[in-house]
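To start, the structure itself, in structure tokens.
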Amino acid sequence: MHSNRFFSTLSVALSFFLPVLPTNSFDYVVVGGGTAGAVIANRLTENPRVTVLLLEAGPSNINVTNSIVPLLHNFLIPNTPYDWNFTTTNQVGFNGRNISFPRGHMLGGSSSVNGLVFTRGSSDDWDAYAAIAEDPSWTWENIQRYLPLIEQFTEPIEPYNITGDFIPSLHGTDGKIQTSVANYRIPLDEHIIEASQELGDEFPFNPDMGGGENVLGLGWTVSTIGRGVRSSSATGYLAPEYLSRPNLHVLVHAQVTKLIQTGTRNRLPSFHSLQFTSTLAARPITVTGRRAVVLSAGAVGTPHILQLSGIGDRSLLESVGIRTIVHNPSVGRNLSDHPLLACVYSVHDNSSYDILFREPAVFQAAMDQWNANHTGPGAASVFNQVGFFRLPDNATIFETTPDPASGPKSGHFEIMFSNFYNLPGLAAPTSGTTISFDVAVIPATSRGSVELTSTDPFAAPAIDPAYLQSEFDIFTMLEAVKAVRRFAEAQTFDGYIIEPFGEFGAATTDELLETFARGNAATVFHPVGTSSMSPKGANWGVVDPDLRVKGVEGLFIIDAGVINKLPTAHTMAPTFIVAERGAELLKALT
């Protein structure tokens, strides 16, 4: 299903081999060619006098079929070369289970392997980030200028009438990332929209889930799909026209092993150099970013690199024998992620992707259609609709717990609608057809950590998201499931839904429902917070509002880790915003 071959036109700019570097010194070295790093490399090299080296630990995205074809993204994770293949620690809130913790391991990072949902977060979310950082440049009003730089809304590949499915004025048309709605429509779509109309008081229709201040309600998913093909930071910001820039150098299979202190400046340790290699046995290569080193290795990779380099909690570093250069207990702390639970129903629906994934002939027919003209099921987002909702103001949890949402425009839980068996970690049934209403806790209050486990840079860190460990998180998860059950009772589902499937159907009491949740929940893989942004001069947090690493010189972090708390969104679009903002800040240095 995939190939690692390169297009010959890219062979000069994109290389497996270390000796192709023209020099070991660049204006900027960017660590991580993922969702954020590709943006940084692109924007900095718009100035032909600025040189950038972009290092990606994984392979290229080119010719990776499962990344190109939108419907096939689930085949990219876990246990593939395109995933870091991380596993969490045993989770108390998951009855002691550990789970896969997917992170993109290829150019484009998680934007090359994720579920393609493009949601920006609420205005309350961004205003909260600005308030936490005590910097108004991060408010919703001020981040608006980056959105047209990111998005290029496109018509769906099929000739659908999308009037009313989105609001054109809320979307960019000339950005790097192509987006669209409903590239392939299915019978479930009609039921979802009709249920929203029938139950509009609780599940109101939102005319645009991917733009504007109003993110609450249910509507058509804006997906990173352009003309039936995935659009990612790699396809958009590292397109051939950009890779051909002589001042941009991109290396794949280049894993950074540590940052190197290069001296002091203004009484702060300077970090302008780093080492990288392809395997543990290979000789490390040292490169220098004269102006800065930018860490864009993600909410897991960035704190791990910092800790390996002597920047982090002293007691943790000393426990594995690493000398502390900068004591900062915030590094790797404050990990937050959206826990997910699939509520599966048996249905009468011959268009269910269960059949497509189960029957080789049906699958091949769909792939033949996609190969011919990029239409059909292959062009589909897994979720044609999503919705964000709030708990009632009088929910009993608020008697003991303050509302953790950023404000009244932010949600407490999400429902994602897909027409196949989407229960992570469990095999799909061998017969019948199903749909999944996946729920996620949005402002999860459980906080975990990312911690190195040894001095070996190739050893995975300990990832503890602390799923469902707070009273609010488990309460909200259960209330979200109850909301799904009310939604499924809409008249439009009569004759379509047969019954709740398996253990979900047997969970008829709150106690059984909690057992079901703790025994089956997984992740939407949206980690944030491990390199939190805080006010300049604060004695907590990892970066200042200008994204400089606290207590050091020459080092920036620009990735999802700087986001303090989870947004009412899938985190790809917010990460693009952080990256565009970060690139602007770096350009101000030149």
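Placement of Cβ uses the backbone N, Cα and C atoms for every residue, glycine included.
All TrEMBL annotations are machine predictions without curation.
TrEMBL annotations:
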- 1-22: signal peptide (SIGNAL)
- Asn114, Gly115, Leu116, Val117, Val256: FAD binding site (BINDING)
- 298-312: domain 'Glucose-methanol-choline oxidoreductase N-terminal' (DOMAIN)
- His526: active site, proton donor (ACT_SITE)
- His570: active site, proton acceptor (ACT_SITE)
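Other Cβ atoms within 10 Å of the Cβ of Leu116 (FAD binding site) number 25 in total over all chains. Cβ environment of Asn114 (FAD binding site): His73, Gly104, Phe525, His570, Met572 lie under 8 Å away, each six or more residues apart in the same chain. Here the C-alpha separation of Val256 (FAD binding site) and the residue listed as 'active site, proton donor' works out to 23 Å. Mean per-residue pLDDT, taken over the domain 'Glucose-methanol-choline oxidoreductase N-terminal' (298-312), amounts to 99. For the residue listed as 'active site, proton donor', the same-chain residues lying six or more positions away in sequence with a CB closer than 8 A to its CB are Asp337, His338, Ala560, Leu566, His570, Thr571. Residues within less than 8 Å, Cβ to Cβ, of Gly115 (FAD binding site) and separated from it by at least 6 positions along the same chain comprise His73, Ser381, Val382, Phe383, Val524, His570. Every protein chain considered, the tally of other Cβ atoms within 10 Å of the Cβ of Val117 (FAD binding site) stands at 24. Of all Cβ atoms in the shown protein chains, 26 besides its own fall within 10 Å of the Cβ of Val256 (FAD binding site).
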